[in-house]
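These notes concern the structure reproduced below.
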Amino acid sequence: MSLDKIMNEAISPWMKGDGPDSDIVLSSRIRLARNFKQYQFSTMQNEEEAKQIHELFKKKFINKAVGSFGEFGLLKMNELTPLQRRVLVEKHLISPNLAGTEYGACLLSESEHISVMLNEEDHIRIQCLFSGLQLSEALQSANQIDNWIEKEVEYAFDESLGYITSCPTNVGTGLRASVMIHLPGLVLTKRISRIIQVIQKLGLVVRGIYGEGSEALGNIFQVSNQMTLGKSEEDIIADLKSVIQQIIQQEKMARELIVQNSSIELEDKVYRSYGILANSRLIQSAEAANCLSDVRLGIDLGYIKGISRNILTELMVLTQPGILQQYAGGPLGPEERDYRRATLIRERLSIEKN
């Protein structure tokens, strides 16, 4: 696994495929929180204990293959620049919390769809990413990695409670399942607030694109379970999948309603956004995200021909501040970022059209 490859290829291999319901569901993620019995929680550990966990993983798991996942490499946060850490966050390979830790690290698969974060809130957090609605498949992969690690270490586990975690809401299965979902129809019809209220009453959480505390840029929301105690992994997945399928139906109905009642207004909105993307010389990340959302909707509804939906997904990643600066070879001021973002979008759309 090459750090240069990770940094220079903004689109992870797992993002290039189209999973089920990929017109609305961008990705599915499974995260398993685990702690080692012999160490204090990450929030209480000292430097020596953190280094011991690094060495344990370096000895037991680095450059070793498991199943069809290929070999894993280790990235230590204190060996990366702030910009490199930001790129990993923008590619959803690590959490913002891990990026801010001194003794954190990440075990990463060649395909980048599996990462094992070390010394975050818990000793390890296994993350599996799949395109589209593939929660069961992601859980299966996460369990394979979990079993692989558990052969070499002893987890903190209680027979009555389950896996012991730093945060009480993760005690039990330690499972956090989440789905990244694009909901422009519900936003445009002003139904999104009511939908979010219903989701929250069902015990689920709605966040922005980078998880807790982040903003829902480009009409993209992250829906996940909240409690992990008292339910099996399969039940958690089934409940979340059921809710997501209902949201998908609500989004499709909202899109149909807009087409029926406001078709010309929607078409105008889509093409105005396309015009901004295709012609702007300066564009901020929030405006780019909103315009990309409009154009993606236009592609899904058949207004715009000859442009792949995947290009929009690619541009959503490529135009993030960290990745833009990585491509530029170093830090950029806000206006320089806006200029490069606009240039990149124009060039990419021009290539796609031709």
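Placement of Cβ uses the backbone N, Cα and C atoms for every residue, glycine included.
Listed in Swiss-Prot:
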type    : residues                               : note
DOMAIN  : 24-254                                 : domain 'Phosphagen kinase C-terminal'
BINDING : 27-31, His92, Arg125, 176-180, 207-212 : ATP binding site
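Structural mapping of features recorded in Swiss-Prot.
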residue	record	contacts (Cβ under 8 Å, 6+ apart)
Ser27	ATP binding site	Met15, Gly19, His92, Leu129, Phe130, Ser131, Gly132, Val179, Met180
Ile30	ATP binding site	Ile126, Gln127, Cys128, Leu135, Ala138, Leu139, Ser141, Ala142, Leu175, Arg176, Ala177
Arg125	ATP binding site	Arg31, Leu32, Ala33, Arg34, Ser95, Val116, Met117
Candidate with the highest Cβ count within 10 Å, taken from the binding-site residues Ser178, Arg207: Ser178
DSSP three-state assignment for Arg125 (ATP binding site): strand
For the domain 'Phosphagen kinase C-terminal' (24-254), mean pLDDT (0 to 100): 89
Helix, strand or coil at Ser27 (ATP binding site) [DSSP, three-state]: strand
